[in-house]
């Protein structure tokens, strides 16, 4: 009897897991999408609207009532209405007293109002527990599924219990809540959707600037110079040849710029003798965008690989190859294999292949889905140790390929160095300084500083 009764109880529904009713003010796109998602997650939903007529657009399992009636049926009210229409809430202040009011609105531009929409709502409803949430999720994302957009939902509010209730709803919808603190954080949360790639601006502008510089640099030396002094029209170099020179140069320089701020930070810490003083703002911002610099560098390296693979298909390459064959046939002379050049060719290709392989490996590890599955030591090993190995291989690839031009006078057109020489300045500087930093006499005090030791404790801040 006891066994049977226990089995029956196990099969009985657990009434403690019943979802609380949620009220949504607003039947626009987002309000309907959010209500539909909540119904799918087991939440009873009631809409508060000026018109209580059922529309085909409203989820069929939802109830539509007046604002006052809908608010009385739920402890959580989601305001899916723009700020300029908040005035209708003032007569409902007494009904909303003590209830959790969720503000999901956004503005049309950054810092559009002196205070955030959530803080303004808290002023209109002083007795309500206002929480900011869901403003970083779009109606399309809710309709298409959480995996088709960002899963993160920023949540902030002054009442811890109210925040927890909202975060439970976020989790139930298959999203990830991120507690941003008090309602003072609402201004930043509302600005977040209006920012266009905030961490990508500097890397993108830097990449575009360097790309333009190297393009005109190559254009001057490879097209204009040869046309003026050699009467050769190599304008078709603009399509493949020049891009295939710019891409590896950009990949190498940007990869070096990923590790240069770390080297500079180490030098600053050694000079100061402490890790407790802030770095300069420019260095802080530089270090924060290293991931973006690395991913752009990987994109340039991938383009270089594609351009290199299609090079044999070019008419210019086929013409040059056939010209060499015909020249040997007319002269009745076969040029012997130059084993030195063969070694150099195979070496720089092998170094390039290995460098690109580790480049891709480091790039894959920086993806959130991969980095979240490894511990900090593993992540640091890949990003630091393998990252420097990638830099060494790519630098060696460039040195073996273009090193011969350093001592060749013909390489200095208009007294300007070849583009490959310019590309080696930053990576070689980084590698030389890093080589010095790994000496025990330098690495030991640096490690002690990073573990908390201070040369002069008065600098503690």
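Cβ atoms here come from the backbone N, Cα and C positions, even for glycine.
Automatic, uncurated: that is what TrEMBL annotation is.
Given the structure is predicted, the values throughout are model-derived calculations rather than measurements.
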Range annotated transmembrane segment in TrEMBL (choices 178-203, 204-229) is 204-229
Stretch carrying transmembrane segment according to TrEMBL (options 273-291, 292-310, 311-329)
292-310
Tally of helix, strand and coil residues over the domain 'Pyrroline-5-carboxylate reductase catalytic N-terminal' (21-107) according to DSSP?
28 helix, 19 strand, 40 coil
Which range out of 204-229, 249-271, 292-310, 388-407 gives the transmembrane segment (419-442) the most CB pairs under 8 Å?
249-271
